[in-house]
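**Q** Mind having a look at this structure? Questions to follow.
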2 protein chains.
Amino acid sequence: MTDPTPRRAPAGAAVLREDVTEAIRAAVFEELAAVGYARMSIEGIARRAGVGKTAVYRRWKSKLSLVLDLVGAFAAQGLPAPASGSLYGDVRALLEVASHALRHPVASQVIPDLLVEAARHPEIAETVKAVLLDGQQGVMTQIVREAVARGELPEGTDPGKALDLAVGPLYWRLVVVRTPLPKGYLDELARSAVAALRA
Amino acid sequence: MTDPTPRRAPAGAAVLREDVTEAIRAAVFEELAAVGYARMSIEGIARRAGVGKTAVYRRWKSKLSLVLDLVGAFAAQGLPAPASGSLYGDVRALLEVASHALRHPVASQVIPDLLVEAARHPEIAETVKAVLLDGQQGVMTQIVREAVARGELPEGTDPGKALDLAVGPLYWRLVVVRTPLPKGYLDELARSAVAALRA
């Protein structure tokens, strides 16, 4: 095995190892954007990162685990805790974060790729789902719980349905339809989601 | 060029040519399900259909035009004209058709594939969008127009937003979240969509 980090400088080596990890992460995003998940190879990633294949395999056991790791870190970041004091405010805050995330290249390119893999390989579907959805489902469960406590939603409101109604239209619009959002559209969607939830 | 249809039997040849076209269509769906759009090749399709590559290229100029042709025919079929006399009834009928379509292998596997291609190749995004969305957008425009005429929706309601609110939650649930729909869920979604549209 060849290792790009020099053996004789422990402190420097630690820094370099982190640099290599970061270079690989950056290379993965570039490869995904350029060729897509299906055509992407560990070899191509290593070449782009300027490291050996071994350096990649030492860190991640497969292409899939590498991508899931990156997407998981991306999906978890920036999700708001419900703090506005109203159902409308909490849903609006979630839509704000989701709309930024869904316009990021990770979402617009990599997530559809992962869903394609999930559709074809049921064994990875659960992992993909967990990575993509657990954070959002957790936040929506909290939003619903607090709205029920305030009397804004009936007892027993299903957080899964709430997520469908709040995030579904935005996902459809940004990932499937792909036309620009008119000004004020997130406000309208949040208002609509609240009305839909109370229907 | 080799041709699987015999040159000397014009009537039989016409039948055979149609059989070949059908065999290719069936092979495309099988290949898509087995290996996905990105890994699928004209060669693999021809092999599965038991025809020469030439027989495929004589009918479609590329893998993409072949798949778009098939998906377009699938997407156009079965869309209801609004006929229920109420916004709820019309939205419910659209959701019924959409929920069947989204659970069909064409939708659950091929459409995500096409969206991946569209995200990566802006030049094909318009075609994919037209093939997938034009039919639904046409139906929703009619539904909104009649609901406005009946006084169920305000003048100037945007059919694009109506489609986001009606179909978005179902798409998200069936294609992204992929958990089973509880009994009566389409009724609830239709009711929610009507409330969302009137909010």
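Backbone N, Cα and C atoms are what each Cβ position is placed from, and that goes for glycine too.
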**Q** Can you dig out which of the ranges A:41-60, A:61-80, A:81-100 TrEMBL describes as DNA-binding region?
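**A** Feature DNA-binding region in TrEMBL: residues A:41-60.
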**Q** Could you break down the residues of the domain 'HTH tetR-type' (A:18-78) into DSSP helix, strand and coil, giving a count for each?
**A** 51 helix, 0 strand, 10 coil
